[in-house]
Amino acid sequence: MHHFHYRNGRLHCEDVSLDAIADEVGTPVYVYSSATLRRHARVIGEAFDGMSCLIAYSVKANGNLGVLKTLAAEGCGADVVSGGELKRARAAGIPPSRIVFSGVGKTREEMRLGLEEGIHQFNVESAAEVEVLSDVASLLGKTAKIAVRVNPDVAAGGHPNISTGKAGDKFGVPWEAADALYARIAELDGVEAVGVDVHIGSQIDAIAPMRAAFERVVTLVRRLREAGHAITRLDLGGGLGIPYKPGDDLPPPSEYANMIRQVTEGLGVEVILEPGRVIAGNAGVLIAEALFTKPAPKRTFLIVDAGMNDLMRPALYQAHHDILPLEERPDSTEQINYDVVGPICESTDKFATERPLPVIRPGERLAFMSAGAYGAVLSSQYNARPLVAEVLVDGDKYAIVRRRPTFDEMIALETTPDWLT
Ligand SMILES: *Cc1c(COP(=O)(O)O)cnc(C)c1O
């Protein structure tokens, strides 16, 4: 469900014409729908109604402050994976009591930041990290509440680059090592084990692998309690997939929630969830302008002004984004197959191969759909292209929530060594 639709023949976000935004802000530009963000946060919240549950939105999916503030107003907490994301979450007004800190490679500085902020929980991913966190917390005279992220050795399905819960993945503590690590935590100062954490991947399109992983983790919770550890929280990560094209069949949040209700029945834990994509993914589009078409043997290239530096998912994981012209065409319009590519000097700078689209004129604008998660956050200035702009829509209003930097700003961090002056 999202709030991008044609009205009077032009694609709109809520009540705002995307042309109006592109006219003012230029392209490429990301546009986010507040109504969609709110709706997704509410649907997930309502699915867990009556359960003790913290929805910690995964900031890495889309960390724009406008997005975070919109979700904070819905009561979302935050799952952060760096000191920078922690600062973003705090800047958006998310209270520390609703922030969890994940990630395999936290620095001492990042641990100190989390401890000083008094965050809800650290999700730790190795025995070595536990030792360092204990040291940092002890020096500060604080105690870190921790959950160990365990690797349940379950295949999540989906693209191998976004699977995180198999034994060969770098994430989590090996299943066989978990009990010993909890025993070690009990001996250490500055750390207190309060939970177990698991996150098996992203864009997961079936409930069964999640159920298998969560059932495994529940057996660990019971075993740890028998060993005397006061486990009161269960962090089940994120990962629920979204439809990227018509016909994609994804389990609804209610089915996911009912499975979690069943699996945690009678366990008496606070459930923590870290949804990212399912909240932000279909709440954003990337608008680009068609520059040229170029016939080539056996194909026609459509060259647009957005590149892989602006939207990296197709290059990074062969991801599919639907492409809609801002100008609506009748269903009967003849289509031709385009290879849709950007201006970057890399062969991987390709958004779609043999994609059927109506004839696109130079100067026409297109929307890359479902680009709200892992879009702008992965953007770069490669080829000295300014970082892509971002706009947030709310009803009939919109605001530029990240402007495009000027060229002077882009080079301002660089200095010329004195031997070159
Ligand atoms: C990426 C990530 C998430 C969010 O994943 P989605 O698929 O966007 O829901 C949650 N938790 C952790 C630890 C992650 O790395």
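Glycine residues also receive a Cβ, built from the backbone N, Cα and C atoms like all the rest.
Over in TrEMBL, the protein carries these features:
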DOMAIN    30-372  domain 'Orn/DAP/Arg decarboxylase 2 C-terminal'
DOMAIN    36-280  domain 'Orn/DAP/Arg decarboxylase 2 N-terminal'
MOD_RES   K60  N6-(pyridoxal phosphate)lysine
BINDING   G239, E274, P275, G276, R277, Y374  pyridoxal 5'-phosphate binding site
BINDING   R277, R313, Y317, E346, Y374  substrate binding site
ACT_SITE  C345  active site, proton donor
Which of Y317, Y374, all binding-site residues, has a Cβ with the fewest other Cβ atoms inside 10 Å: Y317
Nearest of the binding-site residues (R313, Y317, E346) to R277 (pyridoxal 5'-phosphate binding site), judged by Cα-Cα distance: R313
Span of the substrate site, taken as the largest CA to CA distance across R277, R313, Y317, E346, Y374 (Å, rounded to a whole number): 27
DSSP three-state assignment (helix, strand or coil) for R277 (pyridoxal 5'-phosphate binding site): helix
Residue, out of the recorded positions K60, R277, whose Cβ gathers the largest set of other Cβ atoms within 10 Å: R277
Contacting recorded positions for ligand 1, chosen from G276, Y317, C345, E346, Y374 when the Cβ sits under 6 angstroms of any of its atoms: G276
Secondary structure at E346 (substrate binding site), reduced by DSSP to three states: coil
